[in-house]
Amino acid sequence: MIIIDKDKKIFHLRTKKMSYVFRILKNGSLGHLYYGDTLSEDENFDYLANVENKAAGTIKYYENDSKFSLGAETSEFNIYGTGDFRQPAIELRISNRLFYPEFAYVDHEITYRKERIPEVPRVYGDEYENLTITLKDKNLNLYLKLNYSITDESSAIVRSSSLINTSQHTYTISRFMSGTLDIPSADLDFISLSGAWLRERHLVRQPLRMGIQSVGSVRGASSHQQNPFIMLAEKNANEFSGTVYAASLVYSGNFLAQTEVDEWNVSRILIGINPMNFAWQLKPGDEFKTPECIFAVTQKGFNEISHTFHNIINDNIVEQRYKNFQRPIVVNSWEANYFNFDENSLLKLADLTTKIGADTLIVDDGWFGERDSTKKSLGDWFEDKRKFPHGIGKFAEHIHEKGLKLGLWFEPEMVDPDSDLYRAHPEWSIGKIDQRRSFGRGQLVLDMANPEVIDYLIASIDSMIERTKLDYIKWDMNRNITEAFSNYLDNEHQGELLHRYIMGVYKLMSHICEKYPDIIIENCAGGGGRFDLGMLYYSPQIWTSDDSDGVERLMIQYGTSMCYPLSSLSNHVTAVPNHQIDRVVPLNFRNNVSTFGVLGYELDLSELSEDELNEIKDQVSEYRKRQKLIFSGTFSRLKSPFCGNETAWQVVSKNKEEVLVGWYKVLAKPNQRNQSYLKLVGLEKDYYYSVSNDDTIHSGAALMNMGIRLPYDFNGANQETAQISGDFQSELFTLRKVNKKVI
Ligand code: GLA
């Protein structure tokens, strides 16, 4: 509900889970007042709004008004040059001339529903109520629109900004943030999902201090190193309690997410496209729209923030057809055979795929051009006749005849210098073709800002889809952009390349999604190098990391789950010793970790024993029974791998009838108490639940206050009673509500 007090010029955006309040300031700009738990409809905000500003040392906006300074006000969209010296939300220039815009309120509009627009990732849904505030700088003849969207069941607020040029001049936009949020405290920690290739989205928590703390990417992709999701949390906030604010960007390119703490301990979040190397030419009559960002708030700790984001992603970002789309359980050829395969070896892998009960064979890298290594053929999207002498169409027929689905790996955005495509069109690659360029994996990046490149990719991917009746695409992107220069754009527009690039990627993906609704795209960028809401708009699942070691995955999946739902995490059971870290972890541990997401397999099944194949078969069949719960239930983290030797998490169905708990202990410890318990959350306290593992029955209250009993391990003396022993212990517990109420 949007409540507007016209006299006091106050806007109150109110849902069951939050209130967000701002007002029109004396100069017509917008001042932020409050974001937090829901306040009453007729709340009187005078005590927040009518504070006489007596802060010393500020620049006054009006000569005769010593109380009004933009530097001391909280803002909805702050601008540099008129008294607020913090990093601005927008920067404009013409040539070397800088402007200090003064956007003042003109009017507002309320609309309902947010549409899904195929080519632009955004939050969508019939349940949204939208407020657009229009402001104008009358000297510059520019309109600024600030968009806010809310829905009653969520604490989230979706924001975006747009700039419309009604002047006769072309302005260069060199910075334009999607949203800002002022928080009246700096006694907070700054939390990011940071890491590296093979170590994505680890949780990093550090205290805020005066000045700027930020994460971002200037790699042309959201990156392995930082993720476009941050949280600010009270010092004592944990998974279950404490105030937490979060911000996320619906975008896959360069981003900036920062907090600036001023001298009065106001923490200002800015989130949007990274201004570095960004320069957009806004011609007379043009409009530029930023990507959307999402803010969320809670008093109930990190799990509640995750629930908010998981719900939005599942209901309002991911294409709705995937909700009832049973996700394939794949066997992927990459770690099974790397480049060393042909149609015969793949058909054998297909038979084993059937044997373990999986349903889809993914032919990963190596099926096209003459691709025997990472140095050749990217861009040549037709089959390698040496590997498929009977043609890929025939091979696809065989796979389909076996009752399996087929997936193919593509890396559409790339080209190898040793490829027919590059030989025909060197100018389609990014960077000046007659100058030195940097290489990553031997490859160059295609200029996705060039419509001809998109047309070529559409034609070659369409043809392969149609020839193979393809069911699944693994969409990879293995290097970041350097020497960013488009041979297609003129000099004036070079600063637009990286944004146009990502919009080109979206265009290509939306083409596939619209034309082939039965295909599922799994996203990947050298593992999780582009794990973001932009990509999830087109592909409901993302290969979480190239690191599939069970122990490392605990940390990666734990961190990733802060923002992203289990339905988006693609997790494969792979061989031991693990190919990335050489660690040997038991099969059931690998399965128990991978189960919390989209389960798949990526190992040479022909090297496994009959016992191991049977064990996998059972795991696949168990997983099938659980997938609905895992995707649609409420996921909560119980114990963090960043805080000790044990990790635990759980999913509870929305009706609270079914529960799946995963518990993992990395290293065995001597002389442990043989009665340890794990407290669950979110059950019905007055009902009994049966615990599958030991056939006991406990009340929800007992399970939440005392916990489920963990297996006893071999503790140096009681070998006979041990249920589990050695390093890498784990257990999945299934609980079911029984029709019995506590008396
Ligand atoms: C990337 C992906 C892997 C695999 C290889 C193939 O590294 O993350 O899963 O597809 O490329 O070259």
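In case you wondered, yes, glycine gets a Cβ from its N, Cα and C as well.
Substrate binds Trp197, Asp364, Asp365, Lys474, Trp475, Asp476, Met477, Asn478, Cys524, Asp546 as TrEMBL records it, and from the list Arg175, Arg219, Arg441 the residue named for this site is Arg441. Sequence-distant neighbours of Trp197 (substrate binding site) (same chain, 6+ apart, CB under 8 A from its CB) are His224, Gly526, Gly527, Gly529, Asp546. Within 10 Å of the C-beta of Asp365 (substrate binding site) there are 21 other C-beta atoms, taking all protein chains into account.
Figure note: comparing Cβ neighbours within 10 Å for the binding-site residues Asp476, Asp546, the maximum is reached by Asp476. Here substrate is bound by Trp197, Asp364, Asp365, Arg441, Lys474, Trp475, Asp476, Met477, Asn478, Cys524, Asp546 per the record. The longest Cα to Cα distance in that group is 19 Å. Across the domain 'Glycosyl hydrolase family 36 C-terminal' (646-735), DSSP assigns 6 helix, 37 strand, 47 coil. Here the binding-site residues are Lys474, Asn478, and the one with the most other Cβ atoms within 10 Å of its Cβ is Lys474.
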